[in-house]
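Noted in TrEMBL for the protein shown:
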- B:7-20, B:GLY101, B:ASN163, B:ARG188: ATP binding site (BINDING)
Protein chains: 2
Amino acid sequence: MKIAGIIVEFNPMHNGHQYLIQRIRKIEKPDIIIAVMSGNFLQRGEPSIVSKWLRTEMALTAGIDLVLELPYHYAVGHANLFAQGAISILSECGITDLYFGSESGDIASFYHTARHLRNEKSKLDLLVQEKLQQGYSYPKAYSLAYDLTHKNETKLLDLSEPNNILGLHYVKVIQEHHSSINAHTILRKGAQHHDQSPHTHTGFASGTSIRNALMNGDDFKSIADKMPNESYKILMRAVNQNQILGWNDFFPLLKYRLMSSSTEELASIYESEEGLEFRAMKAIKETNDFISFVSLMKTKRYTWTRLQRYCCHILVNVSKQKMKSFLAKPHPPYLRLLGISLQGQRYLRYKKDSFSVPLISNVKKSFEDLLRIDIRSADIYDMKTSYSEKKSKPLRYDQENQRFL
Amino acid sequence: MKIAGIIVEFNPMHNGHQYLIQRIRKIEKPDIIIAVMSGNFLQRGEPSIVSKWLRTEMALTAGIDLVLELPYHYAVGHANLFAQGAISILSECGITDLYFGSESGDIASFYHTARHLRNEKSKLDLLVQEKLQQGYSYPKAYSLAYDLTHKNETKLLDLSEPNNILGLHYVKVIQEHHSSINAHTILRKGAQHHDQSPHTHTGFASGTSIRNALMNGDDFKSIADKMPNESYKILMRAVNQNQILGWNDFFPLLKYRLMSSSTEELASIYESEEGLEFRAMKAIKETNDFISFVSLMKTKRYTWTRLQRYCCHILVNVSKQKMKSFLAKPHPPYLRLLGISLQGQRYLRYKKDSFSVPLISNVKKSFEDLLRIDIRSADIYDMKTSYSEKKSKPLRYDQENQRFL
């Protein structure tokens, strides 16, 4: 059997994602495609633009057979943690092949770079420490150190590209776990990840440009061309129900949480480090919007993404202790099913007795403790939607007849 | 010197309050009148309808010389705590005479009842315990026990009346502290405290009826007749600035706080008792408005007021520990000045060296720790107003020329 796995956010699904899925389906001809997808909060430290349930609809209509939620702890984490969680879930699901888009498009470079980093580890660690002491953020320090170790190497990856970085972490995790998963990469076409406008490229619009067009209330037709038709319809449902969300919608709650917490309480939040909590406490009093709030906290030391993730942890009240106890568990601690095709259902039936961790379809009482942070983050997000985490069930989709069951 | 003291909420100031102040001024002829006033959260466990700063304006224009804030810890407390805090502040300010409105109007009954309660204490305590064990709320248990001990007494107070209860606590505190303050009571005229409509009585409308008329968007002219003219103008300013506030405005924050807290965190909140935190956690998931939320928590055991106060403590994140350490301090721990007349200013100048606790005019850095909960409750309230607790200064009023300085 060939079981394909992908790691996604679908924020929202666009033609680039569709291209990847179709390529896998047509050229690689897997028996099923499994996606592990972030929930309502994302790796860049943002609420997703539409609920995970709508994004699951997008995934299923675009040809995914199984959608599993990447728990909050991994999903809103740095690249390494994100990769650890995602690969562990896909591995537990029994994928044989991992596919990811990258700016490089050459899988040999990923294996080669991973090997290089292993060989140069001690040298690299020293250089990273040196750069950190000079006040750089971790990603910047790493990138500078990396540049210094690979001067004469031509086959190494360009790690200033976000998808190259994520892909490299996937490959590293696969290697570290001596996993039999084969990694493949597909060259990303057209738009770069962070391009701002959906119009400037003839290739695929990035999620960022679609989000900006939505937030600015631009002509929605310009978006329609950049997305699969089904995903566009799902997105427009969210538009009509006023459920296109972003940090602005959650900023009052973040502000209230900061205003009503003691510094000790804030210091106990995950990623409160080096007095960052004092910066946050001070900044929140001087601003009434999210962008200025993060700008006020920003220093060379912290990337914007790192600060946004910190904001998520404050909003969701994720303590260092909770995070520590989660990370002390085997990875993954559970599989949370968000959506499934009929084909995926057959696969699960065949597979489910071999899972070493619980497969969770409904948030039953007995799972509440295990899922605490996932439930909480969903409950907070759902204060702005019509969903209820406790009452939601995995979506079932009949791909042949193109309808939800 | 004759220094008069009153204990108020002015939520908002109405003709009944004005009548009390004028009677004191004309008949008792004190040198100055001092009011201790709740901040932005009140004894019944509600946000005040307008900010404490507007209520201070009302107080000064109605003839009060000194307005001091009753700290949150006392203000959002049961009658005994409320009285302890208020009397301790007035006593520190050197009042010679306390005036309060009551349904009884006979000060002898207050002294007599206080004495009776002291004499019957052991009997009463037993009866209260018995009633509590039968599942009654504390106020109800107390009231039933009281009824059983005073069958043949005619001069005892009717303790089903809210102002009689508060007044009795004032007198008890004065007696317990062997204070030289003389207590006086003035018969409340016209409307009962909880009457709903401003039209049904020819006497004075209660605060409740004015608040209801405001919340329902009734004809504001009906309100104008029930308030001093200056207070009405101040109130209308708040109406125009959309700053008439109530629990509905803070419910989303309360809901978020409950959704984002662990049960252990909630259990650490002041007045989380007998598993009330579990009732709150359960109820909040089933409702989207404050009234239904409290209704879902309500049992015979807890009065509505007690539950509303609990909601304030959750919103403001007041822990048992914070409350304990506050109550372990000498009472009062500080005097917080909100407003002052020129006459009041002269009195303060004469008096200030004799204060045994800090007189706080501005929230300076050095007072932040002492005022933590007062600042936090104001900051949360001010998320809905244009005030800033840190930047606010006491209001100064020239009574003779009727203008703020």
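The backbone N, Cα and C atoms fix where each Cβ goes, glycine too.
Automated prediction, rather than curation, is the source of TrEMBL annotations.
Values in this document were obtained by computation on a predicted structure and should not be read as measured data.
Shown here: features listed in TrEMBL, placed on the structure.
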residue: B:ILE7; record: ATP binding site; Cβ neighbours (10 Å): 23
residue: B:PHE10; record: ATP binding site; Cβ neighbours (10 Å): 25
residue: B:MET13; record: ATP binding site; Cβ neighbours (10 Å): 29
residue: B:GLY16; record: ATP binding site; Cβ neighbours (10 Å): 22
residue: B:TYR19; record: ATP binding site; Cβ neighbours (10 Å): 18
residue: B:ASN163; record: ATP binding site; Cβ neighbours (10 Å): 17
Per DSSP (helix/strand/coil reduction), B:ILE7 (ATP binding site) sits in strand
